Amino acid sequence: MYLQAVNDLVSFSIAQHLKSDLMRQLDSQVNDFMDSLIEESASLDPTPVASVFSPLLSEKERSKLSEGKQFVSRRSLLDELFEVNHIRTIYHMFIALLILFILSTLVVDFIDEGRLVLDFDLLVYAFGQFPLVVCTWTCMFLSVLMIPFTLFHLWSHTQCASYSHPKLYSLLFGSVFGIYQALGLGFLPAYVVVTNSLPPASCFIIIMEQVRLMMKSYSFVRENVPRVMTWSKDKTNPGPVVPKISHYLYFLFAPTLIYRDSYPRSPVIRWGYVATKLLQVLGCLFYAYYVFVRLCIPQFRSISLQLFDLKAMVLCVFNSILPGVLVLFLGFFAFLHCWLNAFAEMLRFADRMFYKDWWNSTSYANYYRTWNVVVHDWLYYYVYRDFLWMSQKRFRPAAMLFVFTVSAVVHEYILAICFGFFYPVLFCLFMCFGMMFNFILHDQRKGPIWNIIMWTSLFLGQGVIICLYSHEWYAQRYCPLKEVICSKLQTHNKSSHKPNHSLCQHSGGNNNMAAEYQHYIGQ
């Protein structure tokens with residue numbers, strides 16, 4: 001018994017000694033890690049203190065904050081994250097994947113052709129008729145620069161006491177502005193795109209700029225009309241408060257859709273930063289080219305000649321998830337990060353919060369708010385809040401539904417004009433699954449499992465979009481309705497209307513793959 005007690009005491013002493021050594025080692029490693037983390041954080045470019053730590057707001061400041069968006073000096077989130085080596089490694093992994101895409105394309109072309117093929121026919125086709133694009137954009141921009149500003153300037157002077165019936169003038173100028181938005185800025189660019197059969201990328205440039213300029217001109221009027229109305233009641237100044245045209249011109253180029261007379265400005269322009277961002281945009285463009293060449297065109301070029309049944313659709317959706325996700329990441333990085341930051345730097349626009357950490361979202365409600373902050377702010381302040389103001393804050397679900405409807409209609413309009421056919425896949429995803437997930441995956445859902453669910457559904461949605469729109473694209477070009485066998489068409493029409501790809505049968509038989517690709521490029 002005595003020996004057993006001695007052994008137990010010795011074992012206990014050894015255990016205590018090992019425990020103390022282990023705790024000292026763990027404490028030392030934690031301290032070293034925290035020291036390195038502090039040193040790495042101190043090496044980052046400092047963010048202005050006012051944009052990170054702000055004092056408590058007074059009641060007056062809180063009411064001012066609730067009136068509209070406040071712009072402050074802050075960097076883009078990815079610029080801060082890329083300062084950390086661990087995060088930057090993910091960026092390097094995507095570059096390595098691009099190198100593999102390029103190598104695989106060169107190797108396959110060398111095996112097939114016996115030589116290196118370095119042409120980019122798909123890019124040349126997608127950005128075809130570019131001089132017409134530049135001319136159309138110039139006309140749109142000059143009209144937006146002159147017409148809304150001139151109309152607003154003339155209207156503001158009709159609100160002084162020397163003019164009778166100011167409400168009648170408001171109705172007149174408002175109607176003229178609405179007609180210009182609908183016809184001059186809405187119909188004419190779309191008419192140019194459709195009548196000239198512009199290729200997809202050229203269409204996207206014009207239609208996206210059309211939507212952007214319409215939103216900016218509306219924001220300019222929406223933000224300044226209340227100022228003139230307040231002046232017409234108070235008469236505190238001798239004349240109406242009309243912004244300078246230089247302010248309006250700056251706003252038309254600034255990476256925001258919310259008008260202000262002035263914005264926070266950075267002290268200098270870092271031209272090296274601008275060049276880097278523009279080169280990254282160009283790199284993303286070639287990245288997308290190789291994604292389509294290696295992952296999309298070979299798949300859909302062969303499937304487009306087959307019957308599109310349920311099995312083929314399921315396989316197509318899952319095979320389209322990878323290119324869909326890559327296109328999603330490339331679009332986000334190229335436009336929301338690189339392109340907007342490049343223009344912000346050239347304009348010394350200091351508020352760089354064009355997006356938030358949407359990848360950490362555990363709910364679709366948070367994802368919609370953080371994915372594209374620029375567009376979200378416009379929808380929130382000019383659609384959602386104005387709807388609540390007109391309904392006296394009584395129909396919040398209806399306001400949310402209206403925002404989803406506006407966003408879905410605009411997205412589907414862009415795709416319909418650019419692709420040349422109306423196939424409302426994205427509209428249905430927005431209005432059905434988007435609204436459903438917005439209520440199911442709401443802000444109260446926390447934890448990693450909800451982030452996994454959000455990413456899974458997002459990946460699946462990208463696969464559905466790439467699969468169905470690509471099938472319809474090929475069907476529209478290789479199997480137009482006039483070439484479909486009449487009996488087949490009549491049989492299907494008796495049962496139900498189906499997309500063109502489900503009816504596809506060539507009356508002339510199947511051509512070889514090379515001829516199809518050349519036909520695709522030459523459209």
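From the backbone N, Cα and C atoms, a Cβ is placed for every residue, glycine too.
According to TrEMBL:
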type	residues	note
ACT_SITE	His411	active site
TRANSMEM	90-111	transmembrane segment
TRANSMEM	131-156	transmembrane segment
TRANSMEM	168-192	transmembrane segment
TRANSMEM	271-292	transmembrane segment
TRANSMEM	312-340	transmembrane segment
TRANSMEM	395-415	transmembrane segment
TRANSMEM	421-440	transmembrane segment
TRANSMEM	452-471	transmembrane segment
Long-range neighbours of the transmembrane segment (421-440), counting only residues six or more past its ends (CB under 8 A): 364-365, 368, 400-401, 404-405, 407-409, 411-412, 415, 457, 461, 464-465, 468-469, 472-473, 476, 499-500
Candidates 90-111, 168-192, 312-340, 395-415, 452-471; stretch with most C-beta pairs under 8 Å toward the transmembrane segment (131-156): 168-192
Contact ranking winner - 271-292, 395-415, 452-471 against the transmembrane segment (312-340), Cβ under 8 Å: 452-471
Other C-beta atoms that fall within 10 angstroms of the C-beta of His411 (active site): 16
Segment proximity, the transmembrane segment (271-292) to the transmembrane segment (90-111), 3 or more C-beta pairs under 8 Å: yes
Contact set, same chain, for the transmembrane segment (271-292): CB under 8 Å, 6 or more residues outside the stretch: 94, 98, 101-102, 105, 120, 122-123, 323, 326-327, 330, 333-335, 337-339, 341-342, 345-346
